[in-house]
Amino acid sequence: MAKGEGAEQYSNASLFNKTDSSDSFDVPPKHEHRNRLSVCNKICYAIGGAPYQITGCALGFFLQLYLLDVAQLDPFYASIILFVGRAWDAVTDPTVGFLVSRSPWTRIGRMLPWILISTPLAVLSYFLIWYVPPFETGKVIWYIFFYCLFQSLQTCFHVPYSALTMFLSSEQAERDSATAYRMTVEVLGTVLGTAIQGQIVGMANAPCLPGPGEIVADPTNISHFGFHNDSAHVISLEHTKAAYMIASGVICLIYILCAGVLFCGVKEQKEHSQVRSQPMPFFQGIRLVMGHGPYAKLVVVFLFTSLGFMLLEGNFALFCSSTLGFRNDFQNILLVIMLSATLAIPFWQWFLTRFGKKTAVYVGSCSVVPFLIMVVCIKSNLYVTYVVSFVAGIGVASAFLLPWSMLPDVLDDFKVQNPESTGHEALFYSFYVFFTKFASGVSLGVSTLSLDFAGYISRGCSQPKEVDLTLKLLVSAAPIAFMLIGLAILYSYPIDEKRRQYNNKMLQEMRDSEADSESETTEISNMI
């Protein structure tokens, strides 16, 4: 999944706004009629999450391959670009979260102005990431600059969008329902990003370059490596460069469309966007957020699970094309994984509602392990790889997305324990995303640097055995190890179903008490 970074508030509400009766106290929701969201509002809100997933999926699956084989950068410089870009992106998250939390109210809200201003600049910088400049000397600087710029602008979009969920309505059921809509659209966004980038680029995949030993071994069959006589139509590297730009142009148009739908279809409710406590300094806010025990443990869990899945995401396309030899089919394999993950969403929706969130994370993560082992152990076979990828996609959906479902529970727990400290939603979400992107930067930087040490050959028809072994470790052994560490830490996560129900009850009572106080104040004012 893209960056892994998009389903921050996936809840235990079903896609059709149903909740399990065993998961909530029977508290009569007062003033609920004022906070109802229409289906149109929920759909418009959900569509706003698609750009993050579409661009993230395209960058996560294809940027490493693009830098190595299309921009033809040395793996060492490619690793620097990937690491610096993601590290910078990680740093911007808490910074933007802090700035958003201190933003003043405007006539269109407090979150929406960030989304509106950042969109056109983010689209332009994203398009330029996929452009190969006509010079060699400053090419690395070009990619670092526009990659960092896009990540910063994307953060200015995504952090306010993530926090916006808490301000759609004061009713938990309404937020859960809107989040379920968002979850569905975001998963569809990952499929769309994989399909657009993969299929357009796949139609203009430049042939590989045989090494000297391969040419000597078979001098009469050069077409086997992608070379033909002059009369035949040959896809050149220039065609591949153009295909990447076309794909980025299509994604940019979708980005603008989705942002427009979000801005026009969602109204920020002022009474839920006002910060009632005094704004605190940046580092004091960090200490407050990270000092909450359940949040700190959940962040560490998500850090390790994200490391595992980011390694898998960033290297799987290269593994399919180089190690398995499916150079012309890797984009279809990726699409199968994402389609499988999408189809599995209703099942995991039911599973976590029935058995609880921690159990769902354990089962989902562990279900991926056998298939990660199988994909590197079986002999290269396209049809078997399709089947394994489809089944693995079911586990990928749960293991990557379900940890995000716990964040709203942690935020509710924080509010119950700190009732006077409000307006920190953006900080919670920004730090959560920070660790996702930090994991992504480390995984991509280290993995690409490892390929450099192993002797990776750009556009090579075959790779050294050391490269094949490195790719197998990066898509199987390393992800499994990180996921198991994360699951071990998850065991001590303190918020179970009983505590979550208690928090929901207390928050509902606090909202009802506040609404009653406001009503009494209004009546007294009218009498005077």
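Positions of Cβ are set from backbone N, Cα and C atoms, glycine also.
TrEMBL labels come from automatic prediction, so no person has curated them.
What TrEMBL says about this one:
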- 43-67: transmembrane segment (TRANSMEM)
- 111-133: transmembrane segment (TRANSMEM)
- 140-161: transmembrane segment (TRANSMEM)
- 242-266: transmembrane segment (TRANSMEM)
- 295-312: transmembrane segment (TRANSMEM)
- 332-352: transmembrane segment (TRANSMEM)
- 359-378: transmembrane segment (TRANSMEM)
- 384-405: transmembrane segment (TRANSMEM)
- 426-449: transmembrane segment (TRANSMEM)
- 469-493: transmembrane segment (TRANSMEM)
Dominant neighbour of the transmembrane segment (426-449) in 43-67, 111-133, 140-161, 242-266, 295-312, by Cβ pairs under 8 Å: 295-312
Proximity of the transmembrane segment (140-161) to the transmembrane segment (43-67), 3+ C-beta pairs under 8 angstroms: yes
Surrounding residues of the transmembrane segment (111-133) on its own chain - C-beta under 8 Å, 6+ positions past either end: 48, 55, 59, 63, 66, 70-71, 96, 100, 103, 139, 142-143, 146-147, 149-150, 153-154, 156-157, 159-161, 163-164, 167, 241, 244-245, 247-249, 251-252, 255-256, 259, 262-263, 266, 268, 273
Same-chain residues near the transmembrane segment (242-266), Cβ under 8 Å, at least 6 residues beyond its ends: 40-41, 43-45, 47-48, 50-51, 54-55, 58, 66, 70, 112, 115-116, 119-120, 122-123, 126-127, 129-131, 157, 161, 164, 168, 192-193, 196-197, 200-201, 203-204
